[in-house]
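Novice: These came from Swiss-Prot, pasted as-is:
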type: TRANSMEM; residues: 20-40; note: transmembrane segment
type: TRANSMEM; residues: 49-69; note: transmembrane segment
type: TRANSMEM; residues: 97-117; note: transmembrane segment
type: TRANSMEM; residues: 122-142; note: transmembrane segment
type: TRANSMEM; residues: 145-165; note: transmembrane segment
type: TRANSMEM; residues: 176-196; note: transmembrane segment
type: TRANSMEM; residues: 217-237; note: transmembrane segment
type: TRANSMEM; residues: 242-262; note: transmembrane segment
type: TRANSMEM; residues: 278-298; note: transmembrane segment
Amino acid sequence: MNAAKNTLSIKSIFLDFKEITKAGLAISVLFSSIAGYLLGVNDEHPFKWSVLIVLAIGGYCMVGASNAYNQVIEKDIDSLMDRTKNRPVASGRMSKVTALIVASLLTIIGIVLLYTINAKSAMFAAISIFLYTSIYTPLKTVTSLSVFVGAFPGAIPFMLGWVAATGEFGIEAGTLFLIQFFWQFPHFWSIGWFLYDDYAKAGIFMLPTGNKDRKTALQVILYTIWLIIASLLPVLGYTGQLFISPVAAVLVFLLGLWMLFYAVRLYQLRTPKAARTLMLVSVSYISLLQIVFIVDKFLR
């Protein structure tokens, strides 16, 4: 009987840890860092399994810490929304003190691990955690500009992989940052659209106009176009060692048109279903784009 209780307790702790760090989100973000690392390795900076593993663990800690801090800060807000009311801190399964300890440990472990790769990686991880928890999270209930602020830490992981591989932040890392920066807007605005009512309960501002209207949908289209332009910069030869072939550029452009189609569809329909579809497409888009970049590099 005691063994069964202990097993249940361990399972509950694991599930709460998984939820407070948002494991699914953390792993998807981690994929961006790994993609950036694979794009950054070369003869001068060869691939190393040890670096990749440390980047993966450190990156997970970075994202997990941000998410844990977020759930501590938004305990009362989370309890108001159907989507978040069962989170560990909001539901009372985990105390704020325990969550803060978890977040602090993840912060320390993540930054120390990334520092063993290079100082710049640790610095960008620290900046990401600070921006996400200290500026983006509090702004969510104040202004829709929170999405703009949140786009900065959200765009760091892709770039972080390149910095981990090379130890340098130049035009290449900046381009990867730019791609994921512009991607944040259609992605998060589509989430803010189809979860509009839930966010409204907690007084969270996500949409640029505050409403599910044509002006918001138009901005989704415009940022998707900026995303397409940014994603094609590497084919022009102006982004240093970050380069994609014309064939890869065609694939990247087609992916962009695919996402743009659903952005325009949101403008036409302005329904939660259209917004949710765009959100799902955006998630697939960024992963497929990164895969195209990687495959193209290693096939050349």
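The backbone N, Cα and C atoms fix where each Cβ goes, glycine too.
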Novice: For the transmembrane segment (122-142) and the transmembrane segment (176-196), check the count of CB pairs under 8 Å (sequence separation 6 or more) and say whether it reaches 3 or more.
Specialist: no
Novice: Six or more residues beyond either end and a Cβ under 8 Å away: which residues meet both conditions relative to the transmembrane segment (176-196)?
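Specialist: 32, 36, 39, 83, 147, 150-152, 154-159, 161-162, 206-208, 212, 216, 219-220, 223-224, 226-227, 230-231, 233, 242, 259, 263, 266, 272-273, 275-276, 278-279, 282-283, 285-286, 289.
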Novice: Under an 8 Å Cβ to Cβ limit, what residues of the same chain, 6 or more beyond the ends of the transmembrane segment (278-298), are close to it?
Specialist: 28, 31-32, 35, 38-39, 158, 179-180, 183, 186-187, 190-191, 194, 220, 231, 234, 244-245, 247-248, 251-252, 255-256, 258-259, 262-263, 265-266
